[in-house]
Amino acid sequence: MNDVIRDFFKMESAGGILLVIAAAIAMTIANSPLGETYQSVLHTYVFGMSVSHWINDGLMAVFFLLIGLEVKRELLEGALKSKETAIFPAIAAVGGMLAPALIYVAFNANDPEAISGWAIPAATDIAFALGIIALLGKRVPVSLKVFLLALAIIDDLGVVVIIALFYTGDLSTMALLVGFIMTGVLFMLNAKEVTKLTPYMIVGAILWFAVLKSGVHATLAGVVIGFAIPLKGKQGEHSPLKHMEHALHPYVAFGILPLFAFANAGISLEGVSMSGLTSMLPLGIALGLLVGKPLGIFTFSWAAVKMGVAKLPEGVNFKHIFAVSVLCGIGFTMSIFISSLAFGNVSPEFDTYARLGILMGSTTAALLGYALLHFSLPKKAQA
């Protein structure tokens with residue numbers, strides 16, 4: 001396993017632990033006498049946007065920039081480079097997004113407001129999933145880790161497309177025009193083989209602001225910037241893409257994602273009823289994550305292998321695939337992010353119950369996925 005992937009697993013596993021701590025602290029504060037202060041700080045305006053807005057639209061754009069970098073690297077020289085290696089996790093990812101969405105729709109088809117949250121259980125939290133699998137150390141085959149990484153990256157890319165197509169507000173033509181021009185400039189820099197990162201960051205900042213004002217979610221600017229960064233440097237230079245990827249990892253894993261979790265997982269349980277907690281919305285999300293994810297990933301994976309379209313990675317069997325598919329039911333940060341887009345400005349009550357459904361489904365998936373991996377993997381570490 002090359003250094004990039006090894007460093008990635010190491011970073012994300014530690015980051016996953018921080019996510020749990022940040023979420024637990026947020027829940028504790030939100031349900032303590034400091035709850036009002038917590039909400040007040042998040043809704044304090046700084047430079048025209050609330051602190052919460054800066055975190056969700058600003059800092060999360062950096063997270064999506066990292067996703068863009070990772071996807072591009074995997075497409076050009078990693079697990080997604082060839083059809084043979086990409087087809088299996090790609091098919092699994094499609095099933096893993098389709099089945100949870102269908103389960104959610106089945107539960108909420110009769111509620112015109114709740115139905116907009118259909119994409120919430122379709123997401124996988126890559127930091128949490130990799131954090132859990134890292135707890136099992138060298139017992140986990142490298143090929144299984146690469147499968148999970150590729151699946152999660154394709155899943156993230158699917159979420160990006162969903163946000164762009166289904167969670168976009170009223171559009172500003174002028175802002176969109178500026179955004180398209182800046183996108184063109186970014187790829188022109190790439191075509192001209194500009195390897196210095198500063199020009200990309202300056203143009204990228206303008207792109208982010210334009211997208212923010214356009215009605216399209218600002219985080220998508222991060223993905224565009226990531227795809228524009230060149231993989232290869234000039235002769236004798238390091239890869240600009242890999243350099244930026246390594247530079248961003250600690251800030252994203254140890255800063256941005258835990259901060260996002262802290263800002264979004266603080267759910268006040270005041271006024272939450274058992275009838276509300278067991279209503280169609282949170283149940284649709286929890287079961288979408290806990291049942292839909294493994295059902296979709298495992299079924300599509302099994303069918304792809306049986307039909308001869310793809311083959312299992314070396315050293316991996318269907319017990320491992322099922323365990324990983326359960327682990328992919330950890331939606332957490334990505335699901336909360338989509339919930340904020342679906343319900344944040346429409347129904348705070350729906351958003352609260354959606355987040356509780358996410359926490360229920362994700363926590364159960366994490367525990368069950370770990371247990372299944374623990375019992376299905378070899379007792380001794382892989383050589």
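Glycine residues also receive a Cβ, built from the backbone N, Cα and C atoms like all the rest.
Listed features, source Swiss-Prot:
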TRANSMEM  14-34  transmembrane segment
TRANSMEM  47-67  transmembrane segment
TRANSMEM  87-107  transmembrane segment
TRANSMEM  117-137  transmembrane segment
TRANSMEM  146-166  transmembrane segment
TRANSMEM  171-191  transmembrane segment
TRANSMEM  205-225  transmembrane segment
TRANSMEM  252-272  transmembrane segment
TRANSMEM  280-300  transmembrane segment
TRANSMEM  321-341  transmembrane segment
TRANSMEM  356-376  transmembrane segment
>> Restricting to CB pairs under 8 Å, which listed stretch, 280-300, 321-341, 356-376, is in contact most with the transmembrane segment (146-166)?
In response: 321-341
> Do any residues of this chain, six or more beyond the ends of the transmembrane segment (171-191), have a C-beta under 8 angstroms from a C-beta of it, and if so which?
Replying inline: 199-200, 203-204, 206-207, 210-211, 213-216, 221, 224-225, 228-230
> What residues in the same chain, six or more past the boundaries of the transmembrane segment (321-341), come closer than 8 Å to it by Cβ-Cβ distance?
Replying inline: 19, 23, 56, 60, 92, 96, 117, 119-129, 132-133, 144, 147-148, 151-152, 155-156, 159, 162-163, 167, 217, 257, 260-261, 264-265, 285, 289-290, 292-294, 296-298, 301-302, 312, 351, 354-355, 358-359, 361-362, 364-366, 368-370, 372-373, 376
>> Under 8 Å for C-beta pairs, could you tell me which stretch among 14-34, 205-225, 280-300, 356-376 has the largest tally with the transmembrane segment (252-272)?
In response: 14-34
>> Six or more residues beyond either end and a Cβ under 8 Å away: which residues meet both conditions relative to the transmembrane segment (87-107)?
In response: 79-80, 115, 117-122, 124, 147, 150-151, 154-155, 158, 280-281, 283-285, 287-289, 291-293, 295-301, 304-305, 309-313, 321, 325, 328
>> Using Cβ atoms and a strict cutoff of less than 8 Å, what residues sit near the transmembrane segment (280-300) while being 6 or more residues removed from its termini?
In response: 91-108, 111, 114, 117, 120-122, 124, 151, 318, 321-322, 324-326, 328-331, 335, 350, 353-354, 356-358, 360-362, 364-365, 368
